[in-house]
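Report on the structure given below.
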Amino acid sequence: MQDESGKAAAAAAGGAAASPSGAGAATTQNSVHLNGQTITQNGHSPTATPATQPQFNSSATSPAPSQPPAVVREQWGGKYEFLLSCIGYCVGLGNVWRFPYLCYRNGGGVFLIPYFIMLFITGVPLFLMELSLGQYGAAGPITVWKCCPLLKGIGIGMLCVSTLVCLYYNVIIAWTFYYLGSSFQSPLPWSCDAVANAALCGHNTTGNSSTGRALSPTEIFWNEKVLGVVNSEGLHDPGPVRWRLALCLLAAWIIIFLCMLKGIRSSGKVVYVTATFPYVVLVVLIIRGATLEGSLQGVAFYLTPDWGRLANAQVWNDAASQIFYSLGIGVGGLLSMASYNKFDNNVIRDTLIITTGNCGTSFFAGFAIFSILGHMAWRKGVPVGEVADTGPGLAFVAYPEALALLPGSVFWSILFFLMLFMLGVDTLFGNMEGITTAVLDEFPQLRSNTLHKSLFLGALCFGFYLMGLLLVTDGGIYWFTLIDSFSTSFGLIIITLFMCIGISFFYGVNQFCQDIIDMICHCPPWCSKVLLYFKACWVFFTPFLLLFILTYIFIEMYNTSLHYGSYVYPRWGKALGVCMGATCCLQILIWAIVAICKETGTLKDRFQKAIRPLNSWRVNNLNSNGRVEEHVEPERVEAPFTVTLTDMDFTAMRWDSVSHA
């Protein structure tokens, strides 16, 4: 959309200078007149009112392009809708099946030390950066980079990451649907009480096939009945689509479509259930687990410290990767959800609440998981380490087997998989919101037409469903593991690294902190002091740690092979995964070159112009009388070209500045 905010702002300021009383009144309002429209504090234009604008005669002034009517963006129906949506987005399946495993694998309670260090140095600062960027700009992952057009590729890269995550994440929800439907059978089809499993159950069987012992009923149910992986030879042999899983995947996408049909007005109401129900289930599971024999053995295994592990770089890398995996940083979901906030929302308070709640949930979930796994190990007479697993293996093999040993196993199984469904849906809401917001902001005409918006969302969900069919074939788990391993790997770290560097050094960390203070209208003293800490992280500590993580990832990726179970991925498969990650982060370079090519002048001039915020980025702060001069930029036409202005174009602005003084 073309923008003329520079001249209009100068005209508005000139009118205020001519009437001091009018200037004083303007500071108490929540809107300013811009381009003949009333612009609210968050940049929306709900009404169009005539505004008197002085005429500036300039021979170099180009004719004003016709500006389409502004489309009003939605806002959250209430404060708690945003908080619950963010908590639901962050608290996902990784809190249940990834954190507890990483904790016991990396030294038990000792793992909490690097975990919280990484949280406060990388997680919380980057989380605040994304929320602040989205809320201040009131735009999605792509449009928000009006603050620095050179870095528009960061938003495109976030969109690529979100696409890959949505592609495979709903497959997990489809698996959950399959198990949830199977849980209504009594006895459970993966328990030893089932007639079909009578010959499989014995004292020598365990849930870990890597030990060379016979497979347990839960492993057979997972590998043969659900995945069908036994019918595939590897990545090159996907085999036919498993129609039961395909139906579950279709049902999952239909639910996502219906919940997001009316945007945040519908998904914001759904999270009241989906974000709170998992906590109810976790509390119930902890209470039940505490009453079981052997539960303390599992909890002790979960938390027993091994201080020597702190010297291992793998522990620190696992802690950092879990922070990124859990908080959903750099994917665009946080930025998109924050863009629907009111302009004066306290982002610092929200950041502390959401990150604390997310990490507390991870630690809390470990007790629910390992208390019941401890009972399972006690029943089978094996160490807890032999029944513990990570990823899908914990959620769909080890834990279901433990649930099958409990009295009333059908009830506990239904409760557990219903919790997994809620956790998965919430996270997918955030990822899908990142994609839809980015597209709707780039094509605002879709927002004003409910039918077209619904058709777009339906086509998007159906497209994801068709692509996801590859992941529900006999060999789909091999493709699932490949996408899961590389979609949020080095590409995501590079995207967040450039986001941190771009805001800190191109946009300006002092300016960014001032923007946050402007949003928090009455910033208390502690707020300014906390921002000093965040400023130090954004400029120094966070980029340094991101470079450390990135280096470790490349070393590990080069030295270790990718595998699922006993299957080792071929070199071409690993190369395909690297290409996925590279495609996401290369968007930064591609769109930076495009932004520089659009400008005029020498290479240095082009670069300086490309890092300068566009005029529409400053709209939000034009209601602050004390900072109008700082925020008024020379006119820039937001189009595939840039107009080179002469000194005469700024004569009126200089005159206005003197008059205002």
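Glycine is treated like the rest: Cβ placed from N, Cα and C.
Residues annotated as region 'Disordered' in TrEMBL: 1-70. For 7-26, the entry in TrEMBL reads compositional bias 'Low complexity'. Residues annotated as compositional bias 'Polar residues' in TrEMBL: 27-57. Taken from TrEMBL, the feature transmembrane segment covers 82-100, 112-133, 154-180, 241-261, 270-290, 323-340, 352-373, 402-423, 455-480, 486-509, 530-555, 575-597. Here TrEMBL flags G88, V91, N95, S326, N358, L423, D426 as Na(+) binding site. As annotated by TrEMBL, disulfide bond applies to C192-C201.
Each of the recorded positions V91, C192, C201, L423 was scored by other CB atoms within 10 A of its CB, and the lowest score goes to C201. Using a Cβ-Cβ cut-off under 8 Å and counting only residues 6 or more beyond its ends in the same chain, the transmembrane segment (455-480) has close neighbours at 166-168, 170-171, 174, 227-229, 231-235, 237-242, 245-246, 249-250, 253-254, 256-257, 260-261, 432, 435-436, 439, 446, 564, 567, 569, 573.
Apart from G88, V91, N95, S326, N358, L423, D426, the Na(+) site neighbourhood in this chain, defined by C-beta within 8 angstroms of the site C-beta centre, holds I87, Y89, C90, G92, L93, G94, P278, T361, T427. Put simply, C201 (disulfide bond) is 39 Å from N358 (Na(+) binding site) when counted between their Cα atoms. For the pair formed by N95 (Na(+) binding site) and C201 (disulfide bond), distance between Cα atoms is given as 31 Å, rounded to the nearest Å. S326 (Na(+) binding site) sits 35 Å from C192 (disulfide bond), counting Cα to Cα.
Taking the Cα atom of each, L423 (Na(+) binding site) and C201 (disulfide bond) are about 32 angstrom apart.
Within the chain carrying the transmembrane segment (323-340), a Cβ under 8 angstroms from the stretch's Cβ atoms is held by residues 73-76, 82, 85-86, 89-92, 94-95, 98-99, 115, 118-119, 122-123, 126-127, 130-135, 137-141, 144, 155, 158-159, 161-162, 165, 264, 347, 355, 358-359, 362, 427, 430-431, 433-438, 488, 492-493, 495-496, 499, all 6 or more beyond its ends. It is 36 Å from the Cα atom of V91 (Na(+) binding site) to that of C201 (disulfide bond).
Listed as Cβ neighbours of the transmembrane segment (270-290) (distance under 8 Å, sequence separation of 6 or more from its ends, same chain) are residues 80-81, 84-85, 87-88, 91, 259, 298, 361, 364-365, 367-368, 371-372, 374-375, 406, 412, 415-416, 418-419, 422-423, 425-426, 429.
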